[in-house]
């Protein structure tokens, strides 16, 4: 802001004096007039003596000025202020109960403003009054009405995203849905008269209670006639404002500027229809675009077979449907609107289907599918789909599986947009084909899947594709009948193994090869086996294997198209006919093959038989037919496959159904070609996979990347998998508030202030104790925690509110059981502490921790015969990393070598160490340097107590030698003493050294020869001072005094030597400070600070006492003095 400069200051100053005099005269006159008035009024001596100066004065000049109170709630009667409204109300009730009406403050419900009730009411009317929506309707040419612009205020729940435009409805939703545990503290029902009447007259007694007194508020005893009235009182009364503050914390307010309001149609316009008739006669149901339609057909044909169910998007959680029909077997979910050019979708309801009942499932149990995903693709879509719709996966409840499903009349082509339903099986019942089977790349030729063909339900393959839907070339031919568990259609993996036009190598199974029945693909099962020859012709580029299957498996003997892998199977005795459906309750256990090829399952074993390499297949369980009462599964042993010459076949005889499966002869053509995929993307993927090769570290064999993992699991982990199948691991959840997850494979203990490695994690957890999530109990053993969880908290599968409200999560399945998606740590405990079973621990941090995801730990029992179990290290020295078998040897080592002994901190209740001489407990970071400094200054310690920490007497010429654990180690990266920059004097290194915590690792130093590689770099720098070298005699010549006679002396004598040295040479060099610190086992910073402190004392004494010096001394010595001298001449 510009200001005009002031001129004529002299004249203005002269005028000021006159103005001041005039004002003084005016004030004096006014005071005289007031004095005359006061003399005329005399209240008396009583009031004069009872009046103090503070009653008439405006402010006290001698008192301190009251500071501005920055907190929002300030008391006007005193100096109190606070940030919380409840604290302010408590203050008023305690100290100003009489004047509470003057200072009562209430908050604004819509903002942070708080004041007296009248002021808040005026504030609310001014700033938060609801805008009256005045709708000015204008009539256009068509006669339709348009509403004016209006701003809609909506409220949203932050926990479940529920939204509403009414604030009261929003508060009611939050209270009922998310704070339901608070309802019991407010809702009360008067039952005095009910207790006096007998049980048969309960309804009469309730009627006798007057309506206003039936319900009451437990907080303020307000009466209400109904639950809604009581709810309105709780949510709107000013008495329960604290409850509103809780509810408002999870409510978000949004102002939507909608412009012109959308038109509301009383009758919807005609839209695309979705019909689900029973037999083609049911009328189609009208639908609006923003709705989903669920067609629920019946098993029995009836006019009302299709019952439409409409789910509106506008009302979340609401479901309106017509009366459901009984005996529903499946559900069809269709997305609306349909593609362009299609007006309806017709689905024929299935006939009563035979179901396969697993063991323990009732015979008449109906299929009850859960909610289905909408338009979920089966596999990767390589090309544009056009107007066709991908199939939907139907989920079937475990234990019930329909075996046949008619596709409907498909002799004629169906228009685009047909939505077939391909039911898949829930994991645990049957294993469906992995994604990638249905690849939208080529159209299905005509004539595939004629009318009336039966396809097994649950087989998620192109066998259930209706013409018009795109699929791969591997589709079942005309008239082919496939039973589930025999062959998934579309298995075209051989084209991804070999490049185009290249013959299969010798690793492909040759003719006459013997394959045990258990060595099939991981998801393929064979009931029993017999031997049949190959009599099927193979087209160009087709790999064909002849797999004989007996007893309970339907044959597949149809010709296949290019790119399809087919197993030609013949039927032996006790085999169901082709057209015979499986009866409910039959004892066949059918599964699916994987979508990968047989060639992918060939795993080289690295061994040869007669010069021919052998291969293995992934092991799989074999199902044997048993009586209808149950199912039996036998795990076959893993056996290699021998490549025999072509034509060499071993005769086989049919085996009994109950006997184990004998080997199966698998014959193949002598020259087998594999046709590659025509698409460039598949070719690039094959070439990319072929470039990735890995070497097995066990057998030194080279494998492709897609075979290496399977080889490791099969060839080198078979014994471990066998042992793991015996007992199911136990899954537990616990709390460890003393741990902090730092990074991968590393955690930090907040109590001990140290890092804990993977090997010591479980011992550290048990040392501090694992806390129960549901109660304050703490356990120091796994067995105690397991028994406590089974006995006290059996059935509790949800986290407590303290954890769930803060965002802690545990992975659980549908039944509430713990899931372990990965393992962060794998540790070992002895069997006597753990038991026979493995234990999976999901460990959560404390309630106030920032890490919300648990750490998953697997604890395995240590076998008695495992190497290293007899010589297990019980304890490890945290200073020199020496292993000790017994606790006595460990404590003796600490006592003799480090002059400490383990103890427990009396306040922190954490492991600590104490001095054996003075019994003082070490606090902070424990290092050898801290022990050495304490021993030097400890009055109870003997003078030669630090001899164990000193190096052996001798002469070290090389400055690159480092002393670690009493042995001389050569390391060029470390120096004898820490080299410090100018001016730092070791403070920075000391700070860094103290920040580095010790690492507890039992396997850190198995021997003395590995000590230098294990000790951290910062610790070596810290301990280099305590493990100092022996200094040369030549280096001592630079010192002003000889320190040899003070070695091994007490701390006071060494301090006296430093004083003498200061009087001799008050300004030592850096080299002298380094030598003095290494000789007296003290820090260089301590030596430098000692000399600096003495110099400061001398300079202060010179300044205060002013010493004088007579002439006649050596003037050349003045050059060595660095402080100024004042020469005073005295005549």
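Backbone N, Cα and C atoms are what each Cβ position is placed from, and that goes for glycine too.
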Candidate ranges 838-862, 913-937, 938-962 [criterion: Swiss-Prot lists as zinc finger]: 913-937
Segment assigned the feature zinc finger in Swiss-Prot (from 875-898, 971-994, 995-1018): 875-898
Candidate annotated as SUMO1 cross-link in Swiss-Prot, where the set is 14, 256, 1032: 1032
Record feature phosphoserine (Swiss-Prot), assigned residue among 723, 1024: 1024
Record feature SUMO2 cross-link (Swiss-Prot), assigned residue among 118, 262, 688: 118
CB contacts for residue 118 (SUMO2 cross-link) [other CB atoms within 10 A, all chains]: 8
Within the zinc finger (155-178), residues counted as helix, strand or coil by DSSP: 11 helix, 5 strand, 8 coil
Stretch-averaged pLDDT - the zinc finger (106-128): 85
Same-chain residues near the zinc finger (106-128), Cβ under 8 Å, at least 6 residues beyond its ends: 72-73, 85, 167, 238, 241, 244-245, 248, 253
Cβ-Cβ under 8 Å with the zinc finger (770-793): same-chain residues at least 6 beyond its ends: 730, 732-737, 799-800, 803, 829, 833-835, 839, 841, 843-844, 859
Helix, strand and coil residues within the zinc finger (106-128) as assigned by DSSP: 11 helix, 4 strand, 8 coil
